[in-house]
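Pulled from TrEMBL:
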| type | residues | note |
| --- | --- | --- |
| BINDING | 208-215, 240-244, 262-265, 328-331, 349-351 | GTP binding site |
| BINDING | S215, T242 | Mg(2+) binding site |
| DOMAIN | 202-371 | domain 'Hflx-type G' |
Amino acid sequence: MDTTIQTAEPVIITGLDTGQQDFDYSMVELAELAQANHMEVITRIDQVIDRPNPATYFGKGKVEEIRDVADANHVPTIITNDELSPSQLRNLEEGTGCRILDRTALILEIFANRAQTKEAKLQVQIAELQYRLPRLQTSASERLDQQTGGGSGFTNRGAGETKLEMDRRTIQHHIAHLRQELASIDKSEQTKRKLRAKSAIPTAALVGYTNSGKSTIMNGLVRKYGAAEEKTVFEKNMLFATLDTSVRQLTLPDQKRFLLSDTVGFVSKLPTHLVESFKSTLAEAANADLLIQVIDYSDPHYKQMMATTAKTLKQIGIEDIPMINVFNKADKTEIEFPILEGDDQVVISAKQDASLDLLVDVIKKHLFKDYVTATLLIPFTDGHVVSYLNEHTNILDTEYKSNGTLLTVEMSTQDYQRYNKYEQA
Ligand SMILES: Nc1nc2c(ncn2[C@@H]2O[C@H](COP(=O)(O)OP(=O)(O)OP(=O)(O)O)[C@@H](O)[C@H]2O)c(=O)[nH]1
Ligand SMILES: [Mg+2]
C-alpha cells in the first residue's frame with residue numbers, strides 16, 4: 001500500500017458553455033483529470049456565452065467572480081476546460097491573480113508524471129516544449145518546467161525581449177534534439193514492427209477511452225494464451241495508466257497465433273501536440289489487422305467516450321481498419337453477459353473467464369476469416385513439413401497411408417500457398 005500522504009492541491013475548474021454538445025460531460029471529465037493529477041476540485045464555475053472573449057476567455061464580470069471565489073477559498077490554481085491562447089492565459093492570470101492551468105497543460109502534466117519508458121518520456125517532453133514555446137511569459141511554462149523537468153530551468157516572467165528570444169531558440173534546439181533521440185528509438189521499433197509484419201502473424205490492437213479495461217483484457221488473454229515469457233502489463237484504476245505500447249504473442253489451443261497490442265488510452269480534446277508526438281506509439285494500432293475497441297459499459301457517458309475514440313482514431317489517421325466493439329465491465333451493470341451481438345460486438349467482463357473465451361471467438365472470426373482448410377498428403381520423406389504443420393497450423397485430422405501422412409489442415413493462405421502442392425483432390 002502507498003503510505004505517502006499527498007496533500008491534494010485545491011483547484012477551481014472552469015468552463016465556457018458556448019452551446020457545444022456534451023459540455024457537461026467534458027466538465028465531469030475535467031474534474032476527473034484534475035483528480036488524476038492529485039488535485040482537489042473545490043468548486044466549478046461555468047459561464048454561458050456565445051463565444052470566448054478573445055482577450056480573457058471569460059467575460060469581465062466572470063473573471064472577477066473567479067478571482068473572488070479563489071481568494072475566499074485560498075485556491076492558487078484555476079483550470080480551464082479549453083486550451084487558451086497565450087494572451088488569454090496571460091490576461092486571465094493577471095485578472096484572477098491565480099495560476100491558470102488549461103486543459104492541455106493539465107493533460108501534459110498527467111502524462112509527464114506517468115511516463116515510464118524513455119520513448120514515452122521523450123514524447124511527452126516534445127509535446128510540452130511545443131506547448132510552452134508560444135507561452136514563455138506565463139506561469140504555465142514555469143510550472144511545467146518545475147514539475148516535469150521538461151525544460152532547462154528558464155525563468156521568464158518579466159524577462160526582456162532578448163532573453164525571451166534566447167529562450168525560444170534554446171527550446172527550439174531542445175525540441176530538435178529530443179526529436180532526433182526519439183527518431184533513433186523509433187527506428188528500432190520500426191524494425192521490430194517490420195519483422196512482425198514479415199512473420200505474417202495477424203495483429204489485433206486494443207484501443208479506446210482511458211480506464212476502459214484494455215490492459216486488463218490484455219493481461220487476461222496473456223495469462224490464458226501467452227507463452228511463459230510473455231509478461232503481463234500494468235493495469236490500474238486511474239486515467240492514463242498505460243502510456244506505451246506493448247505487444248504480446250498469443251497462441252490459441254488450435255495453434256492459431258496472433259499478436260495483441262495494448263496502448264495509450266484516449267480522452268476528449270487530447271492535445272494535438274500530444275497526439276502528434278504519440279503517433280509512433282500509436283503506429284502499432286495503425287498497422288493492425290483488427291481494432292478491438294474497449295468500452296466501459298458501466299459508465300453513463302460510454303457513448304460520448306465511443307465518439308471520442310472515433311474522433312481520436314481519425315485524428316491519428318486510422319480509418320479503414322475493421323473494428324469490433326467490446327462493451328466491458330458488464331459485471332458493474334444489470335446487463336446480462338457474456339453476450340455476442342451480431343458478429344462484431346460483445347458484452348463482457350474482463351475479469352470473467354467465459355467472457356474472455358467469447359471475445360477470443362469473435363477475434364478469431366475476424367482475424368482468421370481467410371484461413372483455408374485443405375487435405376494434404378505429405379510423403380514420409382518430407383517429415384519436416386509435418387512438423388511445421390503440427391506447430392503452426394490447426395490439424396483437424398491425421399491418417400497414416402502407405403505413401404505418406406494424410407492431414408486435414410486449417411491454415412493461413414500463406415501456408416496454403418506454400419503447401420498446396422501436397423493437396424489431395
Ligand atoms: N469491475 C470491473 N472492473 C474492470 C473490468 N475491466 C477492467 N476493470 C478495472 O478498471 C480499471 C482500469 O483498467 P485498465 O485495464 O488499467 O484500463 P485501461 O483501458 O488499460 O486504461 P489506460 O491504460 O489508462 O488507458 C482497473 O482497476 C481494472 O481492474 C471489468 O470488466 N469489470
Ligand atoms: Mg492500460
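Any Cβ shown, glycine's included, is placed from N, Cα and C.
Keep in mind that TrEMBL annotations are predicted by a computer and have not been checked by a curator.
Known features from TrEMBL, placed on the structure.
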residue : record              : Cβ within 10 Å
G208    : GTP binding site    : 27
N211    : GTP binding site    : 24
K214    : GTP binding site    : 29
S215    : Mg(2+) binding site : 23
A241    : GTP binding site    : 19
T242    : Mg(2+) binding site : 24
D244    : GTP binding site    : 20
V264    : GTP binding site    : 25
K329    : GTP binding site    : 23
S349    : GTP binding site    : 24
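Taking a Cβ distance under 6 Å to any atom of ligand 2 as the criterion, the binding-site residues N211, A241, T242, D244, S349 reduce to A241, T242. For the binding-site residues N211, K214, V264, K329, a Cα to Cα distance of within 10 angstroms from T242 (Mg(2+) binding site) holds for N211, K214, V264. On a Cα basis, S215 (Mg(2+) binding site) lies 13 Å away from K329 (GTP binding site).
Mean pLDDT of the predicted structure over the domain 'Hflx-type G' (202-371): 92.
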